[in-house]
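*Asks:* In case it's useful when we look at the structure, here is the feature table from Swiss-Prot:
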type	residues	note
BINDING	83, 182	heme b b562 binding site
BINDING	97, 196	heme b b566 binding site
BINDING	201	ubiquinone binding site
TRANSMEM	33-53	transmembrane segment
TRANSMEM	77-98	transmembrane segment
TRANSMEM	113-133	transmembrane segment
TRANSMEM	178-198	transmembrane segment
TRANSMEM	226-246	transmembrane segment
TRANSMEM	288-308	transmembrane segment
TRANSMEM	320-340	transmembrane segment
TRANSMEM	347-367	transmembrane segment
């Protein structure tokens, strides 16, 4: 008799995706982040659902409703801090996942890669709108500054900003619609994840060597299920430690001050995971130019497969490209640091140099070095 998991209409889909899926035998821990992102999304949707039961999206009561969640709701503080720090974990895993894709040449699966970029934008939009909901000082001013950037779009900019605000400033209408979209977007993200996996399973996984692994495949279960569970335990332990010992470590103290349109905070800055893009935005002294650079800092990932000039897929055996990759990582850390600093000397010039380097490495240096490596290997 055939096993039910192979015949049942629903179970056979799960079986072919998580049980009998042929996977390369050489996948390292860098391949764990996809499943970790799935866990992050599940944690965010669950905690978010329970938070939404107690939150009110009205400018008069939003801040107090968050205080009420933390003080009066059973384990409300746990839910709130799991949700806030869960977002940080989400982005740590996201950036490591994208970094893995860049290093090992996974971007040559262009459909999977492009859906991934779409997912990155969707998660960033969700996180931005979520940050506005507690209606603290940084929520209000962050929303004002970032939405105001759209006014740089020629001709329609001002109308577009007022349309998004639902008035002439960030107010009640803005908060209500941001809450609606913040609730909706994670489900769109979940749907996109399904498409992401669908395209991935069309081609099969890449592996650290970048060499086709068809002759050497192993079943996903039990090998990678156990490996993924270990990853879950490590990540959830780290998240729990963050939530229970220093829940406000990654937040901004200004957000514990209720939103006040008449009082601007000394340094308006987004959450840490947007600082690199914020630094790139600030490094260009022109509004439209800055907005374009901000969008391109993420959209540049779509160009990476086109600029792949190496005869090898992975960077595993390409030391010169490896050097550039780690230089890129250092540049991103530098940009993250600069994004949190005031706009003054020497931070401005460091940010500008780092921004130029960021685009130069991805657009010029990596393709050139790849060609050079081909020549060195007489290919």
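Glycine too: its Cβ is placed from the backbone N, Cα and C atoms.
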*Asks:* At a C-beta cut-off of under 8 Å, are there same-chain residues at least 6 beyond the transmembrane segment (347-367) that contact it? List them, or none.
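*Replies:* Sequence-distant neighbours of the transmembrane segment (347-367): 279-280, 282-284, 293, 296-297, 300, 303-304, 307-309, 321, 324, 327-328, 331-332, 334-335, 338-339, 341.
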*Asks:* Compute the C-alpha separation of residue 97 (heme b b566 binding site) from residue 83 (heme b b562 binding site), stating it in Å without decimals.
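*Replies:* Spelling it out, the Cα of residue 97 (heme b b566 binding site) and the Cα of residue 83 (heme b b562 binding site) are 20 Å apart.
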*Asks:* Do any residues of this chain, six or more beyond the ends of the transmembrane segment (113-133), have a C-beta under 8 angstroms from a C-beta of it, and if so which?
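*Replies:* Here the qualifying positions are 55, 57, 62, 66, 87, 90-91, 94, 98, 101, 106-107, 139-140, 142-143, 146, 174-175, 178-179, 181-182, 185-186, 188-189, 192-193, 195-196, 199, 270-271, 273-274, 298-299, 301-302, 304-305.
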*Asks:* Rank the binding-site residues 97, 182, 201 by how many other Cβ atoms lie within 10 Å of each Cβ and give me the one with the fewest.
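*Replies:* 201, out of the binding-site residues 97, 182, 201, has the fewest neighbouring Cβ atoms within 10 Å.
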*Asks:* Do any residues, 6 or more residues outside the transmembrane segment (320-340), come within under 8 Å Cβ-to-Cβ of it, and if so which ones?
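*Replies:* Those are 99, 102-103, 267, 269-270, 272, 274-280, 282, 310, 347, 350-351, 354-355, 357-358, 361-362, 365-366, 369-370, 372-373, in sequence order.
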*Asks:* Calculate the distance in Å between the alpha carbons (Cα) of residue 182 (heme b b562 binding site) and residue 201 (ubiquinone binding site), and round it to a whole number.
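*Replies:* Their Cα atoms are separated by 29 Å.
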*Asks:* Just to confirm: which same-chain residues, 6+ apart in sequence, have a Cβ under 8 Å from the Cβ of residue 83 (heme b b562 binding site)?
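*Replies:* Residues satisfying the criterion: 44, 47, 48, 51.
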*Asks:* Could you tell me what the rest of the chain brings near the transmembrane segment (33-53), counting residues at least six beyond its ends with Cβ under 8 Å?
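*Replies:* Contacts of the transmembrane segment (33-53) (Cβ under 8 Å, skipping residues fewer than 6 from its ends): 69, 79-80, 82-83, 86-87, 89-90, 93-94, 96-97, 100, 182-183, 186-187, 189-190, 193, 228, 231-232, 235-236, 239.
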*Asks:* Please give the sequence-distant neighbours of the transmembrane segment (226-246): residues at least 6 beyond its ends with Cβ less than 8 Å from one of its Cβ atoms.
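*Replies:* Same-chain residues near the transmembrane segment (226-246) but 6 or more away: 29, 32-33, 35-36, 39-40, 43, 78, 81-82, 85-86, 88-89, 93.
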*Asks:* Any residues 6+ beyond the ends of the transmembrane segment (288-308) with a Cβ under 8 Å from its own?
*Replies:* 98, 102, 105, 107-108, 110, 113-114, 117, 120-121, 124, 149-150, 152-154, 276-278, 280-282, 355, 358-359, 362-363, 366-367, 370
*Asks:* I'd like the number of other C-beta atoms within 10 A of the C-beta of residue 196 (heme b b566 binding site), please.
*Replies:* 21
